Ligand code: GLN
């Protein structure tokens, strides 16, 4: 196995820039790794081998010609299969998009290409990003590299698994209710949900437009920050994109520090339903933060208990509207014959999986006349109360912390037939989506009872994304000093 795959993105870009390694060598090492392990991890839906090598050759050509290299020159990035990529299939984990090759490029992947990153493949996900395990994928589940019988989380589970299995140093995901932070936590890597509007949604297949947030995965805090910075920034092609400078996340990741920082523990996120090992590690992390000079207090966010029900009205409502475009005419699958209505009905019946149909029905019901005020309108009011809880909390503390997810990775199949149990995986992550805040999950070791990774969630106000990285980098450094890197790189069974 090539040592190149064990390097961080920061190391790889430096090695390529200095000529210590060529971009082609880096890409080939990761393609070899994918060939060796992805038969069991199943992180990728599409491996972009030929084209990745061509992208890498272009980086090497630029270097040889003395042309400027981008911040991620020669660094492989795995891309969740809902970012539109010219010439590469984009399925969104759904049979309804089988065979669709987008004629345009998402802003985020365009920025990565411009920065010299090598898009190495498209990763598996829950269909239309609805789920917490990748089991809702139309193409079969991905597996957690720590234990192949466990889920890698979801919906960006393929991206998280690819990074945890050393198939790519970086990956792109999207977080609508937790789909970056939850898989990052259960795969033992770093994952960030940036401030809503900090990253363009142009060319990202829409699930719930007021919540969808593209974001980065990496094995280190600095790596996640490097990707975060490259992918972010205002985009006139997305009307909800924020026209403000990108927070200095890389600078923050290089200078981890919590001395004098006021940190609030969300008191609602503990107790029944939280796995003991998750809480053991959380308590240790709190002690660690205090030992580093942070002032830790408890803060109550009384409306967070309504976040899950509010989300499961708002997200399906938006999804029912967004998914109306999949009509058998414009994209991918076309089934049935006869009238337009028949084609649409048969295509949607065949092309969508059970969870997607459930959400479309829920959302259509919640938006229908007579129920709109009682359900959708009420949920929007709850959303305002949650925003106020955050505002109140952030008037007392600089960041909030909690477990990112109540449990470690669960067994494949364990929650597949129980939507409510699946929904609970996002209990702690959803409030930040409803409020549009920034939040990160950083590894803090493994649960003693099952040896599976545990994360720490850090939440900051909108546009204070740099604060997340400052805290996460301090946590990472302290844990690394104590026990070695919390990723405990030798993910079991794969090395
Ligand atoms: N698990 C949540 C859901 O199923 C969140 C998904 C996401 O963030 N895309 O909706």
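Glycine residues also receive a Cβ, built from the backbone N, Cα and C atoms like all the rest.
Annotations in TrEMBL come from automatic prediction, not curation.
If you look up TrEMBL, you'll see 80 (among others) marked as active site, charge relay system. The Cβ of residue 80 (active site, charge relay system) lies under 8 Å from the Cβ of 122, 123, 125, 156, 158, 159, 171, 172, 173, 174, each on the same chain and at least six residues away in sequence. Residue 80 (active site, charge relay system) carries a strand DSSP state (E or B).
Marked as active site, charge relay system by TrEMBL: 155 (among others). If you draw a 10 Å sphere around the CB of residue 155 (active site, charge relay system), it holds 35 other CB atoms from the protein chains shown.
Residues or ranges marked as active site, acyl-ester intermediate by TrEMBL: 179. Residue 179 (active site, acyl-ester intermediate) falls outside any helix or strand according to DSSP and counts as coil. Sequence-distant neighbours of residue 179 (active site, acyl-ester intermediate) (same chain, 6+ apart, CB under 8 A from its CB) are 126, 129, 132, 154, 155, 156, 173.
Mean per-residue pLDDT, taken over the domain 'Amidase' (25-468), amounts to 96. According to TrEMBL, the feature domain 'Amidase' maps to 25-468.
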Entries of 80, 155, 179 (active-site residues) sitting next to ligand 1, with Cβ under 6 Å as the cut-off: 155, 179
